[in-house]
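See structure below.
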Amino acid sequence: MAGNKDSSWDDIKNEGIDLEKIPIEEVLTQLRCTREGLTSDEGQTRLEIFGPNKLEEKKENKVLKFLGFMWNPLSWVMELAAIMAIALANGGGRPPDWQDFVGITVLLIINSTISFIEENNAGNAAAALMAGLAPKTKVLRDGKWSEQEAAILVPGDIISIKLGDIVPADGRLLDGDPLKIDQSALTGESLPVTKHPGQEVYSGSTCKQGELEAVVIATGVHTFFGKAAHLVDSTNQEGHFQKVLTAIGNFCICSIAIGMLIEIVVMYPIQKRAYRDGIDNLLVLLIGGIPIAMPTVLSVTMAIGSHRLSQQGAITKRMTAIEEMAGMDVLCSDKTGTLTLNKLTVDKSMVEVFVKDLDKDQLLVNAARASRVENQDAIDACIVGMLGDPREAREGITEVHFFPFNPVDKRTAITYIDANGNWHRVSKGAPEQIIELCNLREDASKRAHDIIDKFADRGLRSLAVGRQTVSEKDKNSPGEPWQFLGLLPLFDPPRHDSAETIRRALDLGVNVKMITGDQLAIGKETGRRLGMGTNMYPSSALLGQDKDESIASLPVDELIEKADGFAGVFPEHKYEIVKRLQEMKHICGMTGDGVNDAPALKRADIGIAVADATDAARSASDIVLTEPGLSVIVSAVLTSRAIFQRMKNYTIYAVSITIRIVMGFMLLALIWKFDFSPFMVLIVAILNDGTIMTISKDRVKPSPLPDSWKLKEIFATGVVLGTYLAVMTVVFFWAAESTDFFSAKFGVRSISGNPHELTAAVYLQVSIVSQALIFVTRSRSWSYVERPGFWLISAFFMAQLIATLIAVYANWNFARIRGIGWGWAGVIWLYSIVFYIPLDILKFIIRYSLSGRAWDNVIENKTAFTSKKDYGKGEREAQWAQAQRTLHGLQPAQTSDMFNDKSTYRELSEIADQAKRRAEVARLRERHTLKGHVESVVKQKGLDIEAIQQHYTL
């Protein structure tokens, strides 16, 4: 018998039985299960036979991953230098340059080791957190429904599939209404397909409409998804970040190539230099100029940053989303659950009944009948929770059919049989849908809309209830005319931190737009409470309709840019809003939690799935939040900007050092025919890399405005600073070699005509200023004002202590260096400090010439973080005073032509500034109302407003 069992399971595993085609009852027979599901013991037994319901993960070869860090264009240049050191540097009576070969190899290994360790650690931490977000599913085990990880599913399990779920395994649908299934990830079909009971649904597809049970027929690698995994495999594209990395790398390589070409042309045909001396000079440019640590520093910085984001409750599914979040200047936020608590309550005292023989309690019972008693959403839980006993929702009736909520119909409905055997249908949902369903007369419709507006003015949502008799006693029959029963006021209070979080976002130059499916009046009330402003429009305005007179002349694009939010929004509207903002060169973020948000999440530059989002929303997003509310997003923006700032700081530094090494040593080699030792420039590179690795954990001040890769700024800053440092070295060499300036002024012995001691002096001077440059590029203001992180400053002083000791004491003939003593070391340190000071001024001049905004940092020291508690107080008071004067007609409102030019962040930040101004005006208006005065007194006295509102209505 056991043998037959095993044979049967083998047939199922090997697809010997076509479970997709045979009748559903035969499927249950073959799988030895019933519609009541499996027991836990049977599930465990089958799990051992079929394995977990997940795809086999590709095992990563650690050795190949390690070697992969040595396989990039910058590493190839260093590897070319290593080959040159032993293959070409072999002449002039000297052996191959083995010390340089070994040094280059050690440098490559150090970079790869650090990258491997840090990225591995960050990856493991992120994987552990992602495991907590593993797909879940509703499964029927031991006769009870429970939410379990999808990995435990086995053939024969009964699962529930509802709107927003990603189908966890291949299955056959059981009895019920058809589902709408999106199979685009598997088959490429652009439109959802209708799946009827008995048909198969595939793992990885998304439920777009309906709710139904299914029996699992295949799991893991045996599913359609598993067999066609190559169709949906992640390509791990690096996108814009990789393009930037390539552009900077190419710039550095081209700079080195030009320098080498000039050296070859001048040294050999013109100066007739010895072959080996020329090779050594070329090696100096190759070894010192190539930013070998750049891929390591940037990837490690991003990996560590991703780990930090995950600790803050934002898990990055796509690493490059970090740089996009740093540049985000518009955030389109869902209202319900993100800006509000998504914990609805009904104000029973304000319930409006439209039928004479019905009271408020009976209206609530009818609404509860049109609600789920299991697997409830927020509205269902709110309505059923208003009953004394939740069982009243089904007491005395027999449920025939339940029509679940979907974003298109915006209502639920139940068909039931009462105690007398009569059939009825009750529906609850969006008022407009129910009003249209009931075909209300004009007077009744006007009364309903007046009540809805009254609710909306108080920040309450409206829920309508309708009822009809089904005389045909058939769930598919249209029934008698619908009767409008009444309206229920629902209130979803804002999160306690939403208003402050939105103000923080606006201060950071991120314009928050509310995108809600609720009515316009509710959106405006919520926006006013949250300080977002009330410049909101209905979704019809997106089509050029129903616009205010004040904005009638504005094109739709400008309207979207100027609005604080949109109400009555459908999924296609969200997608259109994001698309239009992107076309206007905005970096757009979008939050969402439902399946209807998935298209907009995928379209947005940064799709953010909020806490408790559906599987479909998580799948479409770039960042998954593990904590509710907007505050985690603002924290993630600041962290992303800090991460991005570290990466940008390093790229400017890398370009500067390349120019500095290439130009400086090329001039020394061609003007004075000075042959610097390749080994010593290798020591400079190793010490530099050791210090620079700590930049991934450096303390930085995030940009006060959205930031992005500005290659023009990076290259311009790098070229100017690098040229200055090169000239600084050339001047130092000239003074030490051709004059007695240092001897006369500081009493040190002359090293003129002593190439080995000159090598030591140049080595120390290059080492000090090359590393000190990072303090200039890492700071937005004066470098000596912004304190670096402990590890960076410690690494700098440790590296320079080693460099100084080498310059003072080293006597290495193979490296052509002889110690110069502490006197010269002190002179070089003083020279370096004096010529370091102009670097900040050069930085400001470059930024000012490129953007005109660098002096803001010099004069105002404007940063995202500050220790001053009253930062921006004067500016806020001025804005408040201006808002008051504008409100009372004492001065005309300021206008801005911000829509004409989007080329700089000054214009982009004006959007956020205008939103702040509108929010201040809205709050000012509120304080001139009785309600506003009461709330102000309550706040000043520290009273509990919620407790007061339970007994009094303002």
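Note: Cβ is positioned from N, Cα and C throughout, glycine not excepted.
Pulled from Swiss-Prot:
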TOPO_DOM  1-66  topological domain 'Cytoplasmic'
TRANSMEM  67-86  transmembrane segment
TOPO_DOM  87-98  topological domain 'Extracellular'
TRANSMEM  99-119  transmembrane segment
TOPO_DOM  120-248  topological domain 'Cytoplasmic'
TRANSMEM  249-269  transmembrane segment
TOPO_DOM  270-278  topological domain 'Extracellular'
TRANSMEM  279-296  transmembrane segment
TOPO_DOM  297-648  topological domain 'Cytoplasmic'
ACT_SITE  Asp334  active site, 4-aspartylphosphate intermediate
BINDING   Asp593, Asp597  Mg(2+) binding site
TRANSMEM  649-670  transmembrane segment
TOPO_DOM  671-675  topological domain 'Extracellular'
TRANSMEM  676-698  transmembrane segment
TOPO_DOM  699-714  topological domain 'Cytoplasmic'
TRANSMEM  715-735  transmembrane segment
TOPO_DOM  736-756  topological domain 'Extracellular'
TRANSMEM  757-777  transmembrane segment
TOPO_DOM  778-789  topological domain 'Cytoplasmic'
TRANSMEM  790-810  transmembrane segment
TOPO_DOM  811-818  topological domain 'Extracellular'
TRANSMEM  819-839  transmembrane segment
TOPO_DOM  840-954  topological domain 'Cytoplasmic'
MOD_RES   Thr886  phosphothreonine
MOD_RES   Ser936  phosphoserine
MOD_RES   Thr953  phosphothreonine
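Of the two recorded stretches, the transmembrane segment (67-86) lies close to the transmembrane segment (249-269), with three or more CB pairs under 8 Å once pairs fewer than 6 apart in sequence are set aside.
Fewer than three CB pairs closer than 8 A are found between the transmembrane segment (99-119) and the transmembrane segment (649-670), and contact between the two stretches is not assigned (pairs 6 or more residues apart). Residue counts for the topological domain 'Extracellular' (736-756) by DSSP state, with H, G and I taken as helix and E and B as strand, are 11 helix, 0 strand, 10 coil. Residue counts of the topological domain 'Extracellular' (811-818) by helix, strand and coil are 0 helix, 4 strand, 4 coil (DSSP-based). Rounded to a whole number, the C-alpha distance linking Asp597 (Mg(2+) binding site) with the residue listed as 'active site, 4-aspartylphosphate intermediate' is 9 angstrom. The most crowded of the recorded positions listed here (Asp334, Asp593, Asp597) is Asp597, judged by how many other CB atoms sit within 10 Å of its own CB. If you count C-beta pairs under 8 angstroms between the transmembrane segment (649-670) and each of 249-269, 757-777, 819-839, the highest count goes to 249-269. The two recorded residues Asp593 (Mg(2+) binding site) and the residue listed as 'active site, 4-aspartylphosphate intermediate' have their Cα atoms spaced 8 Å from each other. By the Cβ criterion (under 8 Å, sequence separation of 6 or more), the transmembrane segment (676-698) is not in contact with the transmembrane segment (819-839), since fewer than 3 such pairs are found.
Residues 672, 674-675, 816-818, 820-821, 823-824, 826-827 of the same chain sit 6 or more residues outside the topological domain 'Extracellular' (736-756) yet have a Cβ under 8 Å from a Cβ within it. Sequence-distant contacts of the transmembrane segment (757-777) (same chain, six or more residues past either end, CB-CB distance under 8 Å): 649-650, 652-653, 656-657, 660-661, 664, 668, 674, 676-677, 680-681, 683-684, 687-688, 691-692, 695, 717, 721, 725, 728-729, 732-733, 736-737, 751, 783-784, 788, 792, 796, 799-800, 803-804, 806-807, 810, 815-820, 824-825, 828-829, 831-832, 835-836, 839-840, 843. DSSP classifies Asp334 (active site, 4-aspartylphosphate intermediate) as strand under the three-state reduction. Per-class residue totals from DSSP over the topological domain 'Cytoplasmic' (778-789), listed helix then strand then coil: 0 helix, 0 strand, 12 coil. Classification of Asp593 (Mg(2+) binding site) by DSSP places it in coil, neither helical nor stranded. In the topological domain 'Extracellular' (270-278), helix, strand and coil residues by DSSP number 5 helix, 0 strand, 4 coil.
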